[in-house]
Structure formats: structure tokens, C-alpha cells
Ligand SMILES: *Cc1c(COP(=O)(O)O)cnc(C)c1O
């Protein structure tokens, strides 16, 4: 008798495609936590696609929770927010190819300017008055106008204002060392900020919105708050000072693509760098470094399956990782959580940063384009 083998095919729908889910309620909770730490206006910084969480999703959640401004690097990002219906003030502070002055004025997008050349260009290009924030280097040597050039920047600004090409509405700085959670580390920057602001007032501008602090300064040092704080990392659950517990705002899930039992002595992955000391089960998960899984990982790195943490074994490939599930063999389609806010067996973005020797910012901004996006 010949057995008729009926091919059993797992329907594709049983597989959960790799997905990054954004959790707007966590963003809102984080905004509320920042608002409890300051009486200043809160700007939600949603550059780099909202730190990988979706700029529009994060912006809407933050504004609904009381953020009054939005911040981005480029004018094009600000225009996308306007097109999504966000009507609060938006500041753009880094335009590598030059700010589009006409578009900025038309869409009510404020531009931060940190050099005399940039300001001259803006004045030359503007047709309607552009709202400008003068950006002072408060001690980082990474963008912002040098203290020595501040007076010249103010002269150019005065001429631009007189010609109806710009309106100075703000003064901006940035803290180089706020993540140290040590007010003494910020004192020099705060002093420079005050002196810079006073010079702008003496030049006849005002009222001015003054802003210096990002997440770490907002959470740890009220002397840095001035009129507004600019919160990016904090929105998505990252406190660079590691002093405040914020809510993780994303969950990265995938599923087991294939699993099998293997004998002791099995070498796993490229280069056979991991040789299994005992018989075990391996699960293949279809995400790799092209999806943002760091290739350099400590041996501690793992994922959650079925409420338990299992280690990643062997090298991370471009499209896949292998997980050692020990006694358990998880069938194709079983859900895998790479990171999420739950705690316990579910790794956090802070865990991933530790395993990869980096900061959580690079984990969330590094998730690749083929990972589906969804909203919780
Ligand atoms: C990215 C950025 C911020 C936000 O910083 P976080 O530490 O992520 O809150 C604020 N200001 C400027 C100028 C930035 O570039």
C-alpha cells in the first residue's frame, strides 16, 4: 500500500511579517512626564521619521498630549507634517542643501540659522518674511554660530528685518553634556545662552522664544529650560541621562520561519562561530542586519518567544537570525518579540543598545524599510 502524502502547507497568512508597531499612548505618557518636569513650552522633535516611529504618528500623539511645537531638521519634513494637518508652529534647524525660504514662509515654518552665510542666503532668497531663530553655539562646536560671529549675525539679521525678509522670533542653543545629569556640566552653556539672548534683545529684537535643553536637560536641570524644551528621545521612551523611566513607544515583532532539532556540535551561521555544546532546537527568524538587527551583539542578546527569553546564536545575517530555543521547538508562525515595552522576557531598546555597544537612538532609527509599520 502506498501512502498518499498530502502536502501540508502552512498558509502564508500564518506568518507574522516583521513589524514595527508604534504605541501613541506611550508617546502621550512621555509628554505628560516631561510636562510634569517643566513649566516651559514643550517642542516635540520628530526628526528622522520620529526617531523611526513615524513622524506624523508621533507628532499627533505628542500634540494631543500637550506639546505646542514640533521640531525637525529639514524644511521638507516640516512640509510633510503640515500636509498631514499639523498646524502648530514647526522649527527646522538643519538644512544641508539650504533652507527653502519661500516655502518656509508660505507654510509658516520657522528656520534656525547658525551662520552668517546661511542667514545672508535666507535674506537673499526670501520673498515674504521668514520667521528665524538665531542658533548660537553654546559649547558643542557642532552647528550654531560661534560667539565671535554673533554680533555680525545680528547685523545681518537687522538688515534682513529692515528689508522685510525676516523676523527674529527665537534664540536657540544645544547642550553638549546634559546626559551627565549634572547641572554643573551645563552651567557654561546656560551662561552663554543668557549672554547670547541679551545681545539679541539689545539689537532690538523681541519678544524671543529662548530654547536650549533637549530631553536630558528637560528631565534633570531646570536651569536649562528657558522658554521651551525640545524633546525627541524622550517621546519614544529614551532618557539619555538614564535617570527617569519613560515608556517604550514601539514593539518590533516577527515570527519563526523554520525550526528544527540539531545535534551537539552543530556549527551555526556564517563562519561557524557558534558551535552548540548540546543537542537543541533552533528557530529561524526572518530579520537581519538589513532590518536593523545590529551585527555586533554580545552573547547575552536574545528575543522573546512564548514568554521566555532565548539567545541569538551565530552571526547575524543580512535577512535572518537563529535563536536557540533549547528543549522547545516552536512551529513556523510562532510570534517572536525582538523588543517592546513589556519588560520581563521581552527585551527593551535599552537592552539592544547594551548588547550592541551603542545607544538606544541608533536601534530605533535603524529599523530597515522592509519592516512593516503599524500603530497600536
Ligand atoms: C535631536 C535634537 C533634539 C532632541 O534631542 P533629544 O535628546 O533626542 O531629546 C533637540 N535639539 C536639537 C538641536 C536636536 O538636534
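From the backbone N, Cα and C atoms, a Cβ is placed for every residue, glycine too.
Note that TrEMBL annotation is computational and uncurated.
Note that the structure is predicted; figures quoted are calculated from it, not measured.
According to DSSP, residue 47 (active site, proton acceptor) sits within a helical segment. Per TrEMBL, the feature active site, proton acceptor maps to 47 (among others).
Within the same chain, the residues at least 6 positions away from residue 270 (active site, proton acceptor) whose Cβ sits under 8 Å from its Cβ are 314, 315, 317, listed in sequence order. Under DSSP, residue 270 (active site, proton acceptor) is assigned to a helix (H, G or I) in the three-state scheme. Sequence annotations record features per position, and here TrEMBL assigns active site, proton acceptor to 270 (among others).
The annotation substrate binding site is assigned in TrEMBL to 142, 318. In the three-state DSSP assignment, the secondary structure recorded for residue 318 (substrate binding site) is coil. Summarising the environment of residue 318 (substrate binding site), the number of other Cβ atoms within 10 Å of its Cβ, over all protein chains shown, is 12.
Annotated domain 'Alanine racemase C-terminal' per TrEMBL: 249-376, in sequence order.
What TrEMBL lists as N6-(pyridoxal phosphate)lysine is 47. For residue 47 (active site, proton acceptor), the same-chain residues that are 6 or more apart in sequence and have a Cβ closer than 8 Å to its Cβ are 55, 71, 72, 73, 77, 232.
Of all the Cβ atoms in the protein chains shown, 9 others lie within 10 Å of the Cβ of residue 142 (substrate binding site). Here the domain 'Alanine racemase C-terminal' (249-376) has, by DSSP, the following mix of helix, strand and coil residues: 20 helix, 48 strand, 60 coil.
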